[in-house]
Amino acid sequence: MVGEDPYLISDLDRRGRRRSFAERYDPSLKTMIPMRPYARLAPNPVDDAGLLSFATFSWLTPVMIRSYKHTLTVDTLPPLSPYDSSDVNAKRLQILWDEEIERVGPERASLGRVVWKFQRTRVLMDVVANILCIIMAALGPTVLIHQILQHVTNISSGHIGISICLCLALFATEFTKVLFRALAWAINYRTAIRLKVALSTLIFKNLLSFKTLTHISAGEVLNVLSSDSYSLFEAALFCPLPATIPILMVVCAVYAFFILGSTALVGICVYLIFIPIQMFMAKLNSAFRRSAISVTDKRVQTMNEFLTCIKLIKMYAWEKSFMNTIHDIRKREKKLLEKAGYVQSGNSALAPIVSTIAIVSTFTCHIFLKRTLTAPVAFSVIAMFNVMKFSIAILPFSVKAVAEASVSLRRMKKILVAKSPPSYITQPEDPDTILLLANATLTWEQEINRKRGPSKTQDQRRHVFKKQRAELYSEQSLSDQGVASPERQSGSPKSVLHNISFVVRKGKVLGICGNVGSGKSSLISALLGQMQLQKGVVAASGPLAYVSQQAWIFHGNVRENILFGEKYNHQRYQHTVHVCGLQKDLNSLPYGDLTEIGERGVNLSGGQRQRISLARAVYANRQLYLLDDPLSAVDAHVGKHVFEECIKKTLKGKTVVLVTHQLQFLESCDEVILLEDGEICEKGTHKELMEERGRYAKLIHNLRGLQFKDPEHIYNVAMVETLKESQAQRDEDAVLASGDERDEGKEPETEEFVDIKAPVHQLIQIESPQEGIVTWKTYHTYIKASGGYLVSFLVLCLFFLMMGSSAFSTWWLGLWLDSGSQVICAPQSNETACNVNQTLQDTKHHMYQLVYIASMMSVLTFGIIKGFTFTNTTLMASSSLHNRVFNKIVSSPMSFFDTTPTGRLMNRFSKDMDELDVRLPFHAENFLQQFSMVVFILVIMAASFPVVLVVLAGLAILFFILLRIFHRGVQELKQVENISRSPWFSHITSSMQGLGVIHAYDKKDDCISKFKALNDENSSHLLYFNCALRWFALRMDILMNIVTFVVALLVTLSFSSISASSKGLSLSYIIQLSGLLQVCVRTGTETQAKFTSAELMREYISTCVPEHTQSFKVGTCPKDWPSRGEITFKDYRMRYRDNTPLVLDGLNLNIQSGQTVGIVGRTGSGKSSLGMALFRLVEPASGTIFIDEVDICTVGLEELRTKLTMIPQDPVLFVGTVRYNLDPLGSHTDEMLWHVLERTFMRDTIMKLPEKLQAEVTENGENFSVGERQLLCMARALLRNSKIILLDEATASMDSKTDTLVQSTIKEAFKSCTVLTIAHRLNTVLNCDLVLVMENGKVIEFDKPEVLAEKPDSAFAMLLAAEVGL
């Protein structure tokens, strides 16, 4: 049953020709061969399996034996079969989905219908196998047991041979049943895995088709691709099973009516009544799950945001606020999960309850009508109802699967019908033109009413293009462009860019500048096709490269981030590294360019991240370069080097669009655009704009005046000229040196780093298969979390009471029949009949009837109580584990987050929490019900027919050998599946964060290919795990079939001293046990596998080492500390993690109260590490920091961090409102908030928003520009009113004007504070009292800026000269 041949999938696109039957099912037909002696050595052994091997899972035996002898790893398991792969199945599902959309439209399209078409052939084959299984299952209990029990009553020797033949027939039917059931599951598992990989790939491809994600959150994406795809996997497994129930009902009803009479219909009716009840409960469960999932999405999204922004949260000591938020969401989620759990638990309890009610009702009615009842008839009916019970027992699985699948399909359809808007970017007609915008008005939102069709819109664009081309290519002044605001129709969204018109010819450099929020980044986004075009034309030619304002770095090494899928060329690569100023950085890294980078580049500085992003663009060697402020995060010297060597030289001949706040670079641009409020304010060459003396000229004069004409300092013209001359001399020396090298035939890049072999896992700690093995500590932790041992014991007792009541009712019936036979029994034509009429007349036997009915009521009562208590207990456990793990992670140091991928943590809080909340309780409940039933069956059989225990003991050795192999193998397979899931999660998260970059470089296919590879790897291990469960189940079934055969022989050949009811009871129970025991062991193993999630959570609880939240030493801290803000470093050394180099080495410096200190130095010199040290995000290796003469290591972390304020390099905004982002703790009034917004020049911007302070902030603050985000962060800092302020390049994303205003605000607002300013633009530190110059983690200069500037050979003077030289 292999399915579609991957090499024939392409034929599916040929809609005109249907493939022949042989073409479509060739691999499946080969599998139908009973045995295939000549193996083709396929990548996966299942593809070489014949029918017998496929049905019995024998192809898996080598893997199970290997798992027993050796530890399994991701690399040692065979890959997923090509027929089950993402690539093959996603293509096929995509075609079916496209056909559905084309046929009925997106609104009426049914994803469920498409899923049915995708797998209907395999489902029908599965149903056929299940029907054959059901026929065999019904044949044994209904016909053969009845015949055996009838022959048992006849002691004549002539019947012994017939009895033995009946026993052999019973063994044959049971064995055939087992074989067909195994075949059905073998088909089902491959069907389910194909559906899972196909749907998840289709979802990911659709999400990746968007250039920006605004319609779905990151949390929802993770939930859909993990939990929802698994829900569809389970649905494909269990949904076909109920199709056999009607056939079973008919067979059992007919035969029961035949042997018992019309009263048998009572029991059948009971089953039929409960089926619609289960359907109603399924709908109810679906509604509760739908509500719970929406809250789960919110929790996962908030958790993802928390983990992404953990550094800022720790610095601001906001952990408690976020913990309260997530705990509140979790409480809401738990309430909804409780309701779904009650319904689900009721569904699980229905099988034993319905069976007991049906049997008791049938026999009570039969006896009440004074009809004759014999032991063979009674126990044949019981055996038959037990077969029906197993069929009903699968309904909870199917009902749960349908309920969750319906929710999942609805969520998936919502994603699939959301189509990315058509590209509005056209090709310029002039081959010399690379970029052209003609009266382009763009918005971030889609228009509400699109009255024009696509063709009409395209025609209009062409018309506008032709009409305005002559005007654009002329030398006319464009001063009138972009002034008038476009008229918009009612219902159209607000435009962000208005009437933008400009042309960029091939090989030209266009500089774009403007204030914060003027639309610079939006213009880059417009050129990338990420916005919505309302009118006008946007045309671009040639492949492009894009450097985003906030660098996107993925988990891998430096080289992988630079190459980004391109082939490695040594010379080109070395040149790229040189021109991007990365040589020294790579030489300082432990493994050079093979050094592993954490997620989002956590172990790199902002400047290093930005230059790696730039190197990626340079190495790509594209025709068009869109650079969104790439030089703000680097110091002046590196900035000059990058601009000169990279942008002016390496990219010479390329077309470059450079957005920058560093106006000194604009002089070298061929053309400059000044944006204001989304419109072009001025446009022309630098010289032309300076001559016009407009806004641009004023900005440039302000910049120069700010840098060199400040009356407070001594920077005069002579000094500037001196600095220029010294810099020019250094540049000339460098040129001469490089010339000498060229004369000698050497490469100009002399500092070429050497390739070295790096270990695979340097930073990110990998999950090993040994981690997560379930130990007793896990069960202990779970039991304590659920309320303790007493609560767990009481819950366990409820299971035994419920199932004990069910088993008791059957035993009591046998006792009743024995009692009746003692009163009056007579042989009647080869059977013993009891005259129940006379039995009922005896008052003693009224008690039997009452107790029999009471047993039914007790099953019902205990079932209801069990459902409520078990649901509450398991949810208490999962919530307790969630909160404990979250609290542990929150209190972990930053080194933990540096070495633990966010994807792995999100795996814990999404998929693993789903396992603990929903799947573990479901499997555990079924296991406990089955286990308690097995115990009572064994007890009753031991009492009524002890010889059975001898048979079971004889096969116990084989059973334990099988269990030992199975248990080891299934545990390891589950571990490997868990481990392979984390990289998959990380790739999803990283891809969603880097959509813009992925599209710009046209790497969507590479990203999808990697997703498919990771998806296939995880799905392969999931398939192996599930197949291992069935491998064991089949072999257990065969062992129990042997036991059933032996017991049937013993019943046939046993002494007459054993009553007929005892024999009937034993035979009906051994048939029940033969199926129940393997189900019990398998469900127990699945439950233990689900406990792996609890083990992984426990590991975090036990291994996460908290930060030193309390002080190291005993010390007293004044109440108003710090009152002055004096900071002293004494021989301070710091490293980020053990066995890593020092990042701060022997710092000794004193900063007086109220001083402003500018911290400068090359990228990676240790500037940002100073902030980490002050906030104790990293504990010192040695040395001390004193604030107001108090050792900060003697102060609690929360107290320390609340007294300091940090404005980070990368602005961080949270999903919520503007007010929440400014004041998460809600401790300030609106007036105070408006006041700080006014001081940071954001009041007008917020006032324009409809809901003002309550205005929505989207994920990552995407509805604000980077500069606006930074200003909001500045406002947030002003509210804290701290004595010590650290600005980590806080104004890097601001234009010079806003920067100047903000600097004056900082000077005024923090005039009594100690302010440390880390900056790359030196104008931000020239007014500081002191300048601290750092290099390689050491202080190389610390003095007044004017003193350092007067020394031409000082490091600060060199940096200043580099900026002046620009």
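Using the three backbone atoms N, Cα and C, a Cβ is placed for every residue, glycine included.
Among Asn154, Asn978, Asn1263, the residue that Swiss-Prot annotates as N-linked glycosylation site is Asn978. For the residues Asn439, Asn499, Swiss-Prot attaches the annotation N-linked glycosylation site to Asn439, which does not rule out the feature elsewhere. Considering Asn603, Asn837, Asn1018, the record held by Swiss-Prot lists Asn837, annotated as N-linked glycosylation site. Classification of Ser1165 (ATP 2 binding site) by DSSP places it in coil, neither helical nor stranded. Only residues 6 or more beyond the boundaries of the transmembrane segment (160-180), in the same chain, are considered here, and those with a CB under 8 A from a CB of the stretch are 55-56, 129-130, 132-133, 136-137, 139-140, 144-145, 147-148, 151-152, 1034, 1037-1038, 1041-1042, 1044-1045, 1048-1049, 1052-1053, 1071, 1074. A simple way to gauge crowding: the CB of Gly1161 (ATP 2 binding site) has 25 other CB atoms within 10 angstroms, across all the protein chains here. For Lys1167 (ATP 2 binding site), the same-chain residues that are 6 or more apart in sequence and have a Cβ closer than 8 Å to its Cβ are Ser605, Ile1159, Val1160, Gly1161, Asp1288, Ile1318, Met1334.
Among 257-277, 349-369, 943-963, 349-369 has the largest number of CB pairs under 8 A with the transmembrane segment (850-870).
Residue density at Arg1162 (ATP 2 binding site): 23 other Cβ atoms are found within 10 A of its Cβ, drawing on all protein chains shown.
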